[in-house]
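*Asks:* The GTP binding site annotation in Swiss-Prot covers 19, 20, 21, 22, 23, 24, 136, 137, 138, 139 and rests on sequence analysis. Annotation comment: Swiss-Prot describes 7-189 as domain 'tr-type G'.
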């Protein structure tokens, strides 16, 4: 199984935008090389999470080893390392590219280059990978291979004269792709004699074996039973099981430089074997780890609360289990006066947040209330201390802080030119600064904006898609923190601030947001027995208010005629009762009210 010389190993990945046919192409490669028998074949073979198949995206990385006999009658081993295509998971992409020597750049021949593909191609170029352009879906009636070739040449600067025309669905061009992987992708360097260094590019939690780590051996050899050390976390483990992914797991006794495989070593949590960490032998350690390890930092935060307070322990267990599989997920307990006990969770981006929420609800049967997403603000206090705050309710008062800075991102949008106007409006309305605009090919344009991340995390992506009828695509990356006149907007219901409705907003937008919020809450909160004032305030200054009138019983119904003082006495008595009720009564804020905060920005 592992006696193939290094010169006949090829490690490659597939770079493609969502829906450009990456998973189908991977299926065809597995089928053509006979790695997966036809009867076991199912659509999207490598996307084995139910959610991935449903959304048609790749979330967790997969790897597969294929044996292939090339036209020169030699047997080769091709290791496909699958990458997630979504912008939230770009760190995972960079690690899996670091484990390869080549990449297939798959572009839909009817759509052309999209923004996410660009971001990943630039990562591949940084890692010095050999890039093979493949134009997929050429069987579609709308395919324009010549236009797309020109587009790739102009945007990415790759020579497309040898681009492969393929259709993963019908199997056209698959043999050519396999041949070009063998002939164009360089073999790994033969460094079997060096001390062991292996790069972790993925890990997942298995109920019986603990964490199973996927890795690529860069230097040296690893054998079953070796004691290994993970350089970033400093932990040591014994390798109980070692194997290759074909794409199901097949055990082997040793793996040498250039190979891709997995090992299990009774590791308790994925945090101990983080993506990007370097594996080395405990007794013969490598001098330095492989470059490029970064701890994935959450960018978007939100509160998660169970609708039923009794489900709090279940939510905690569910988060612990997801955390085993997802080192980028952060959470800590928090309490809210309105919603009881819950967790403050951190995510890589909006898609990551949605996926975690959906997995909690689907796999663990939880009903959750999610607060509005927020980002990490940097606050400098008057004493000169720097605080990082992800929850608006923990923002210090204005008299204690010198300045607030918020994270900014650069957003690159690629769009057909007829939507440029509406997308520029969108950029301006989100406090964006226009930076650049290039015409890629006739009819397609790229727009570059700098925006506060807070404006991107709410619903920027959805708005961009709806304004461009789904044709535009975007990618964003962090460019640093900038100072802005930000204020904390508090919502008071019956004179009590509701911490889960608080938000940090730009001063110029505060009145508009406050006004919109209170009028929305007025519609959503049901009437009570007493009058409920709803106010939006900045500090002690109320900037907008509405009130919900009381429900009242007609206490005069049984007075027929009679003295006016009798009626007055009954009305006074009712008034006193309402007053007492108002001072002790609690207002129930329904779940829809919290969701309203998320939607205010759309209107």
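Glycine is no exception: its Cβ is also placed from the backbone N, Cα and C atoms.
I'd like these features described in context: how deep, what's nearby, how far apart.
*Replies:* Following the DSSP three-state reduction, the secondary structure of residue 23 (GTP binding site) is helix. Within 10 Å of the C-beta of residue 23 (GTP binding site) there are 25 other C-beta atoms, taking all protein chains into account.
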*Asks:* Other than its own, how many Cβ atoms are within 10 Å of the Cβ belonging to residue 138 (GTP binding site)?
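*Replies:* The answer is 20.
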*Asks:* Starting from the Cβ of residue 136 (GTP binding site), draw a 10 Å sphere and report how many other Cβ atoms land inside it.
*Replies:* 30
*Asks:* Restricting to the domain 'tr-type G' (7-189), report the mean pLDDT as a whole number.
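*Replies:* Computed over the domain 'tr-type G' (7-189), the mean pLDDT is 73 on the 0 to 100 scale.
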